[in-house]
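Below: one structure, written as structure tokens.
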Amino acid sequence: MEKAKLSSALFAGTHFDRKRFAGDFARFRQGPPAPDVASAAAPSPEKKRKRQSKAKAKKSKKRRAEGADSASDAVEGFSVFKGLAAKKDEDDSEKKVETGKSEDSEVVRRRKEVEREIERAAILRKKFDIHISGQNVPAPLENFEELVSRYGCDSYLVGNLSKLGFQEPTPIQRQAIPILLSGRECFACAPTGSGKTLAFLFPILMKIKPGSKEGVKAVILCPTRELAAQTTRECKKLAKGRKFYIKLMTKDLSKSGNFKDMHCDILISTPLRLDHAVQKRDLDLSRVEYLVLDESDKLFELGFVEVIDSVVKACSNPSIIRSLFSATLPDSIETLARTIMHDAVRVIVGRKNSASSLIKQKLIFAGTEKGKLLALRQSFAESLNPPVLIFVQSKERAKELYKELAFDDVRADVIHADLDEEQRQDAVDNLRAGKTWVLIATEVIARGMDFKGVNCVINYDFPESASAYIHRIGRSGRAGRSGEAITFFTEEDKPFLRNIANVLISSGCEVPSWIKALPKLKRKKHRVNRDPISTLPDED
């Protein structure tokens, strides 16, 4: 204690650098003496061995811990070897880039292929003068073989086409067939004799199953019995080789047919007969898949609209496909038809409401009714090139003209509404067979009837409308053959010349300038009260 006091007295007011003289300062502290710096820096060999063993133990422990961590990391999907993991990540990223590039290139390739298909379709339509209106319209056919490659058509159908003489599809067939096969509804307007019948028959025969006992699968409506019979014959020829039940709705079948037990795949009929069978005989049309209105403009004329509406309602299948085919498609008819159709495609070949450019058309001024008879006899004397169709405006005038030609040693026949079905069919068959040279007819035969090789059509009486004119002259110039159409007109017909002249102009025929200068008429139809044709004395 005294030493401490003495030390305090000696060193009072003096400052020591404790850091600098740490060793010396420690000597004056109480407790065990601290080791000097030299001894701390140089430990004994024994301590060195202990420290080394502890360090080794720590390192081994650390390695074991790292091994455990890396093992757990491997379980979670990470590589133990960082270099390999980095390389793998690079490879994966490169693969992703390559996959992305390949996907992008595939999208580009598909887009280019679609663009090429659209371009090919546009070129084909332009080549064949096909005009379409609608969304996502299928590409037209290049040939009939595409029906097999694109749509899986049975070979027997293509074989039947070849046997029937069909080598290449006509323009309306190129576009209308793919539309119907794609499940779309359509309006089809094409010149007479352009193959419209085949355009709707072929998809039906491809899509429905033959020999079905589930009821009627397809209904085809025609404005006349003759056209319905002709369509039935063509359908049976095309379906040869398969057991399709194809029925023509005759008068007897309509009135007394047993429709519950009747096997029928395709039913072809006129509107009135079919409506009678539905209303009076309980004909079931609820499973009809295809409804075709052939010569639709005539079917929608006044008097048929209610009947057509009744038939459409009877065909109540929600997935039914409806289509309209005609040589003319007036705007009023199209507007009316669209009320019963959904997402329909409009197809027009050539110009709307025009005649075939293969028909040579002439207008001849005859002055009076007697002048027309003289002009007709003169035409026969100069160049009678049978078979010839002559159109008049009434059955009375048909009978009168037939009597006149009977005295001229011309092998003529007549067809009109007063004849029964068998007589009318005989008259048509005789012209087809060449037994008669001239067939005198009313409008009843102007719709859709196909006479092989009709060379000339003569409009003895001026047609009532441009539409009637197109259908009349369309009996010639069919299936790619040339034809001739002669139209007589009198003073009474002059006011109506302009409407017919427009058809001639659109078909590329020459029309005198004075006819072009005539005023347009708002009336679409007319019927002139004409003097009798006959120059013979009345029979008492």
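Cβ coordinates are placed from backbone N, Cα and C, and glycine is handled just like the others.
Of the given residue ranges 194-197, 294-297, Swiss-Prot assigns the label motif 'DEAD box' to 294-297. Swiss-Prot lists motif 'Q motif' for one of the ranges 117-145, 146-174, 407-435, namely 146-174. The binding-site residues examined here are Pro191, Gly193, Gly195; by Cβ neighbour count within 10 Å, the least packed of them is Gly195.
For Ala190 (ATP binding site), the same-chain residues lying six or more positions away in sequence with a CB closer than 8 A to its CB are Thr170, Pro171, Ile172, Lys196, Phe325, Ala327, Val347, Ile348, Val349, Gly350.
Across the residues of the domain 'Helicase C-terminal' (375-519), the predicted structure has a mean pLDDT of 86. Proximity of Ser194 (ATP binding site) to non-local residues of its own chain (separation of 6 or more, Cβ distance below 8 Å) is seen for Thr170, Pro171, Ile172, Val349, Ser356, given in sequence order. One way to see the shell of the ATP site is to take the Cβ centroid of Ala190, Pro191, Thr192, Gly193, Ser194, Gly195, Lys196, Thr197; the remaining same-chain residues with a Cβ within 8 Å of it are Thr170, Ile172, Ala327, Gly474, Arg478. For the binding-site residues listed here (Thr192, Thr197), the lowest count of other CB atoms within 10 A around the CB belongs to Thr197.
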